[in-house]
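As recorded in TrEMBL, the features of this protein are as follows:
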BINDING   Glu107  Mg(2+) binding site
BINDING   Asp120, His124, Asp161, His162, His237  Zn(2+) binding site
Amino acid sequence: MFPKNRTDVEYELDEKARGTRLDGLNLVDIWKSFKPKHKHSHYVWNRTDLLALDPHTVDYLLGLFEPGDMQYELNRNNVTDPSLSEMVEMAIRILNKNPKGFFLLVEEAFALASQGGRIDHGHHEGKAKQALHEAVEMDQAIGQAGAMTSVEDTLTVVTADHSHVFTFGGYTPRGNSIFGLAPMVSDTDKKPFTSILYGNGPGYKVVGGERENVSMVDYAHNNYQAQSAVPLRHETHGGEDVAVFAKGPMAHLLHGVHEQNYIPHVMAYAACIGANRDHCASASSSSSPSPGPLLLLLALLPLGGLF
C-alpha cells in the first residue's frame, strides 16, 4: 500500500513494517483522491478512529490496522486494533443506509481482510489455542451480525474453502479443558497426550529417540504447538467436506452436499441478481413473489474441524 521504506505510522522503528512498493505510489492517497462528489470517504488505521466514526456521515471507508497480518485475538492491542466483531458492526451500520440492501463479505482466509483470518494461520503454525480463540471471535462476529439484521430480509451464509488436519479426542470427559491432557496415556509408549492433535505440522518432536513427554512442557501456553504425527514446517489443509450454514431468505437451498460454485448461484438467486429472476417482483407485476430488499452477509473461514 505504501512506497518502499515508508515508515509505518504505528511501528515507526520496525523496518519490517515499512512500505515495499517499488513504484513510489501511495495507494491510500490514491484511494482518497478517487471518490464521487458530495461523498465522504474516511481512512482509519486504529481502533479509536474506527469506533469514533459516525456511520451516517461515511460513504466510503478504508481501514488498515496492521502493516501485514492482523495480530492474533489473544495478542491483540485493544487500543490500536479493533476486533472482528467491531469491524463487522461498523460495516453493517454503514451499509445499512442503502435502501436496496447490501452485500458484505467477511473474508476469514486472509488476515489482511479481517482479524479473524488468523484461524488459518493458527492451524498452519500448529497453535491450536490461537486458532480456536480466533474461531470464538468469529462466532461472536456472526452473532453481532445476526443481532443487527433480520432473517426476514437477510441471507447469512457461513462456510469454508477447506479444513485442517486438526482433531481432538482421547475420550476426554465433560469439563476437561480442550487445551488439556486426555484422561489416559498411550498404551504403546506410556506417555500422556493432549486432547488436541494434528495430523502433520511443526509440533512433531522427538526427545531422546522417543515422543516428547508433553506433561513436561507448558501445553496450555498460547503459542504451544500441539503434537503432530508427521513433521512439517507448516501444517496442511485437510481434504474432507466442509460445512455450509445459512439462515434467511432462500437458506433452504443450502443443505446436504454441494459443489462450492453452487453457493454464489444461490446467493445471486436470493438477491434477484442475474438471469433467473422469475421469482422476483418486477416493475410491471407487483403481484410477483419477491424476497424484498435483500442483505447478503457471507462469512468465510477455515473450519479446521470445528463443526
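The backbone N, Cα and C atoms fix where each Cβ goes, and this holds for glycine too.
All annotation found in TrEMBL is predicted automatically rather than curated by experts.
Projection of TrEMBL feature records onto the structure.
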residue	record	CB count, 10 Å
Glu107	Mg(2+) binding site	15
Asp120	Zn(2+) binding site	23
His124	Zn(2+) binding site	22
Asp161	Zn(2+) binding site	14
His162	Zn(2+) binding site	15
His237	Zn(2+) binding site	14
Between the residue listed as 'Mg(2+) binding site' and His124 (Zn(2+) binding site): CA-CA distance (Å): 17
Rounded inter-Cα distance in Å - Asp161 (Zn(2+) binding site), Glu107 (Mg(2+) binding site): 11
